[in-house]
Amino acid sequence: MEKGDTHILVFPFPSQGHINPLLQLSKRLIAKGIKVSLVTTLHVSNHLQLQGAYSNSVKIEVISDGSEDRLETDTMRQTLDRFRQKMTKNLEDFLQKAMVSSNPPKFILYDSTMPWVLEVAKEFGLDRAPFYTQSCALNSINYHVLHGQLKLPPETPTISLPSMPLLRPSDLPAYDFDPASTDTIIDLLTSQYSNIQDANLLFCNTFDKLEGEIIQWMETLGRPVKTVGPTVPSAYLDKRVENDKHYGLSLFKPNEDVCLKWLDSKPSGSVLYVSYGSLVEMGEEQLKELALGIKETGKFFLWVVRDTEAEKLPPNFVESVAEKGLVVSWCSQLEVLAHPSVGCFFTHCGWNSTLEALCLGVPVVAFPQWADQVTNAKFLEDVWKVGKRVKRNEQRLASKEEVRSCIWEVMEGERASEFKSNSMEWKKWAKEAVDEGGSSDKNIEEFVAMLKQT
């Protein structure tokens with residue numbers, strides 16, 4: 001790294017869904033002349049696959065996260081406390097050397113779930129900003145929980161928040177998936193807003209057209225808000241960032257060739273793509289209902305079932321659907337969603353998957369499991385109007401009939417053309433946001449100009 005180059009640190013939370021958005025923003029900053037050092041853990045660095053110019057442009061700085069000291073008996077709070085303590089100390093040690101190097105960093109951009117990074121940055125006189133990997137709608141909900149203006153679970157049948165549609169309790173993020181850790185999870189997610197008054201900027205992985213009113217509300221919190229999303233590889237949007245077709249980090253090995261060859265043989269818009277992310281674990285009864293519902297649609301389908309989940313499928317399921325379905329352990333989701341054969345995405349509604357569906361113009365069947373997925377599903381169905389949300393019964397089970405009905409309605413029903421038309425509109429608006437002169441591109445340009453002036 002040459003002396004005098006404008007240099008920043010990027011510090012993501014060490015999980016795939018948090019690293020990839022910050023990596024994508026880093027690529028756009030590099031394309032505009034900024035030098036980036038990515039601070040991460042050894043485990044993550046071993047899985048990074050930066051291609052072309054980015055393999056040289058992003059300097060990887062590895063620090064310990066304390067995971068080697070973790071005990072199996074540790075609670076989530078104990079694990080997070082150790083992570084914070086270890087990472088704080090190691091970040092301080094790293095910065096003591098970096099700040100006296102020939103080209104010290106001017107700025108640190110960090111994952112919002114690690115607000116303690118801001119305090120370390122202040123110690124060293126570094127300008128700083130949190131990066132929110134989630135939607136601004138979730139930011140609003142968590143902020144109001146932090147300040148005691150909203151309780152989880154809520155005490156009223158409807159919830160009214162500034163610049164948000166009217167919400168029901170079933171639209172709020174579900175943080176009770178691990179009852180023993182609910183309080184810890186809520187503390188972690190609401191702490192993202194505990195010290196924002198000391199941040200220079202707030203970066204959000206969204207775009208103005210998608211969440212404009214909520215973004216305006218965030219700006220009332222007193223710090224400038226920079227929307228820089230969607231953080232999807234440029235090849236699928238504006239194509240202005242060279243050699244940017246993949247995120248650069250995958251903790252799973254995709255069956256890319258198998259999936260794409262199979263899709264090539266199917267008619268346009270005929271395939272249902274099913275994936276519920278890298279973390280969700282589904283109960284055996286629910287997975288069985290899901291499998292039967294998918295099978296009974298008679299649709300071609302590509303289903304990602306991780307190896308750890310495959311044993312929950314009904315006996316001989318894979319063999320029984322061989323003519324219609326392909327079941328794989330992982331795939332390149334962007335490649336699949338961009339394929340013309342795919343007509344619907346059955347998704348858990350993680351924010352990255354939500355953005356990918358919108359960016360690639362694919363209607364959805366929303367099947368959220370926990371956390372922000374629930375709120376994302378609400379917006380996909382009722383605000384952005386690109387699909388249907390699966391309903392559960394009193395036992396919190398989605399029946400095979402409900403699964404089949406939702407898939408059929410999105411792909412063949414009366415509103416199928418509406419869902420597709422709306423999806424294509426969002427695809428256009430997402431591309432416009434990151435293209436030259438778009439809202440997100442302008443925000444990135446302004447940030448780069450600010451860095452070069454200081």
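Every residue gets a Cβ built from N, Cα and C, even glycine.
Note that this is a predicted model, so its numbers are computed, not measured.
Look at Swiss-Prot and you will find His18 tagged as active site, proton acceptor. Taken from Swiss-Prot, the feature active site, charge relay applies to Asp111. Under the heading anthocyanidin binding site, Swiss-Prot lists His18, His144, Ala371. Look at Swiss-Prot and you will find Ser278, Cys331, Gln333, Trp351, Asn352, Ser353, Glu356, Asp372, Gln373 tagged as UDP-alpha-D-glucose binding site, backed by experimental evidence. Residues or ranges marked as disulfide bond in Swiss-Prot (evidence: experimental evidence): Cys259-Cys331.
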Q) Within the chain of Asn352 (UDP-alpha-D-glucose binding site), which residues six or more apart in sequence place their C-beta under 8 angstroms from its C-beta? A) Gly17, Asn20, Pro21, Thr133
Q | Maximal Cα-Cα distance (Å) across residues annotated as binding anthocyanidin, namely His18, His144, Ala371 | A | 23
**Q.** Residue among recorded positions His144, Cys259, Cys331, Gln333, Ala371 with Cα closest to the Cα of Asp111 (active site, charge relay)
**A.** Ala371
Q: Taking Cα atoms as reference points, rank the recorded positions His18, Gln333, Gln373 by distance from His144 (anthocyanidin binding site) and give the first.
A: Gln373
Q: Around the Cβ of His144 (anthocyanidin binding site), how many other Cβ atoms lie within 10 Å? Please give the count over every shown protein chain.
A: 19
Q | Same chain, 6+ residues apart, C-beta under 8 Å of the C-beta of Gln333 (UDP-alpha-D-glucose binding site), given in sequence order | A | Ser275, Val304, Ser353, Glu356
Q. Taking Cα atoms as reference points, which of the recorded positions His18, Cys259, Cys331 is nearest to Gln373 (UDP-alpha-D-glucose binding site)?
A. His18
Q) To the nearest whole angstrom, what is the C-alpha distance linking His18 (active site, proton acceptor) and Cys259 (disulfide bond)? A) 25
(Q) Between the Cα atoms of Cys331 (disulfide bond) and Ala371 (anthocyanidin binding site), what distance do you get, rounded to the nearest Å? (A) 24
Q) Including all protein chains displayed, how many Cβ atoms other than that of Cys259 (disulfide bond) lie within 10 Å of its Cβ? A) 22
Q: Fill in the CA-CA distance, Ala371 (anthocyanidin binding site) to Cys259 (disulfide bond), as an integer in Å.
A: 29
